[in-house]
Amino acid sequence: MSREQSMHPARLADKANRFGDMLEYMKAVVTSGIDLTSEERNLFCAAYKMTVDSHRRSWKVITSVEKSGEVTGHPIHLALARKCKAKIEKDLTHTCEEVLHTLETQLISGAISHEAQVFFQKMAGDYYRYLAEVAAEDTAQGLARSSLEAYTRANAISAIHLAPTNPIRLGLTLNLSVYYYEIAKSFSMARDTAIQAIDSAIPLLESLTEAEYSDAVLPIQILQLNLARWTFNMSVDGMEEEP
């Protein structure tokens, strides 16, 4: 099957929310060994994102059940919850490792444009972060370091070559700020990263075309919402900041 022969059914699968099918078609596109177009990158990312997000939501639900009083005093129920959680973790880990293998053996080294380089390094940071979320503490630290290293490489490229309003740069900053807040537990780093991105992008919005404005404004709005939520949580929880 040619590259375009894989892309057409992938587009149809995306519209039909058939993300498993979409993923298989995009794997075929990736194996073509050619630098992916913007559309191909987005479909590849979306196919895996929908799959892993389903696992992440399931994991959070089971973890909440496990920690609640719902299974306390019921050894059989607790054992079932833990078995279910272990299965979810196995599926999530398999998906993340598959993505990372593809990124690190094909896509990152094959990326030509600066946008593609940032896109794939950011994606690597995301999937190491997802692994760190569910890993045991001793393993999570190494995964968190790998996540930050990938984000840092992406950030170094984007800071030089991508405009502050570029949606890929904004998406990177958004996810890096989430890393600082949720993984590194540093409100100050999350806050400063978000504020810097917002302050750099907003003055440039008026110069954008309508399409460019639409692409840029959504990640900016999410950064603003996250910043407001994190600030509120700090006032309630008093989470410690790094020195």
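Backbone N, Cα and C define each Cβ position, glycine as well.
Marked as domain '14-3-3' by TrEMBL: 3-242.
What TrEMBL lists as site 'Interaction with phosphoserine on interacting protein' is R56 (among others). Here R56 (site 'Interaction with phosphoserine on interacting protein') comes close to L92, Y130, E133: these same-chain residues lie at least six apart in sequence, with C-beta atoms under 8 angstroms from its C-beta.
Taking all protein chains in view, 23 other C-beta atoms sit within 10 angstroms of the C-beta of R129 (site 'Interaction with phosphoserine on interacting protein'). Taken from TrEMBL, the feature site 'Interaction with phosphoserine on interacting protein' covers R129 (among others).
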